[in-house]
Amino acid sequence: MALTAETESRLYRSLRAVAGAAAHLVALGFPTAVAVLARPGSSLFSWHPLLMALAFSFLMTEALLIFSPETSLLRSFSRKVKVRVHWVLQLLALLCALLGLGIITYNKHLNDKAHFVTWHGLTGLLTVLYTSGQCVGGVLLLYPKLMKNWTLAKLKVYHATSGLVGYLLGCASLMLGMCSLWFTASVTSVSWYLAMLCPLLTSLVIMNQVSNAYLYRKRSQH
């Protein structure tokens, strides 16, 4: 029996709501697991994985999920409030990422190790630099008059899509970090695969959210 368009739409929204709820759980659960594994304070290095997990798994994920029509924790609030909270979470994410980058750089310096010679290190550096630029670019949404030849709607589309690229870079950096000797020495077998699924799940949820909010809507207008 074929599903009606209304039933299909309701089913799709329900699946998005379930996936969004799972993303919230992963956003909090993954950094918690990393904290247990790293034992922050046990060494200088121990702060690096925790800060990066907080930045890209928790803070940045929640900053983007705020705009989800199905699973936002601030659904009853105005868009103005959501934007402000988004800004706060993104700035906190950038701060954590910069601290995490500074700590690992200093730790390698203390141990006389080479900097940025692995895919994880290079991707992590690129992600932090990109995130910094994305935050600066977000200022244009607060002061759109600075870009006289661009409409606010177009700025929102480019900010959202470029933000998605930055988020995917963050997820890729986390996944590459889980291939490191430090992580694989402690997390093995099924647990390792489950850990790898965490950033993969959140990235799929965020991609779906951004494409539905901006890309699909833009295509439908043509």
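Positions of Cβ are set from backbone N, Cα and C atoms, glycine also.
Since this is a predicted model, take the numbers as computed values, not measurements.
Annotated in TrEMBL:
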type: DOMAIN; residues: 12-217; note: domain 'Cytochrome b561'
type: TRANSMEM; residues: 17-38; note: transmembrane segment
type: TRANSMEM; residues: 44-67; note: transmembrane segment
type: TRANSMEM; residues: 87-106; note: transmembrane segment
type: TRANSMEM; residues: 118-143; note: transmembrane segment
type: TRANSMEM; residues: 164-185; note: transmembrane segment
type: TRANSMEM; residues: 191-216; note: transmembrane segment
Positions on the same chain near the transmembrane segment (118-143), where near means CB under 8 A and six or more residues out: 52, 56, 60, 87, 90-91, 93-94, 97-98, 101, 104, 150, 152, 155-156, 159, 162-163, 165-166, 169-170, 172-173, 176-177, 179-180
For the transmembrane segment (164-185), distant same-chain residues with Cβ under 8 A (at least six beyond the ends): 37, 45, 49, 52-53, 55-57, 60-61, 64, 118-120, 123-124, 126-127, 130-131, 134, 192, 195-196, 198-200, 202-203, 206-207, 210
Mind checking which residues of the chain, 6+ beyond the ends of the transmembrane segment (44-67), have their Cβ under 8 Å from one of its Cβ atoms? 20, 23-24, 26-28, 30-31, 34-35, 37-38, 73-74, 82, 85-86, 89-90, 92-94, 96-97, 99-100, 103-104, 106-107, 110, 124, 127, 131, 163, 167, 170-171, 173-174, 177, 182-183, 198-199, 202, 205-206, 209-210, 213
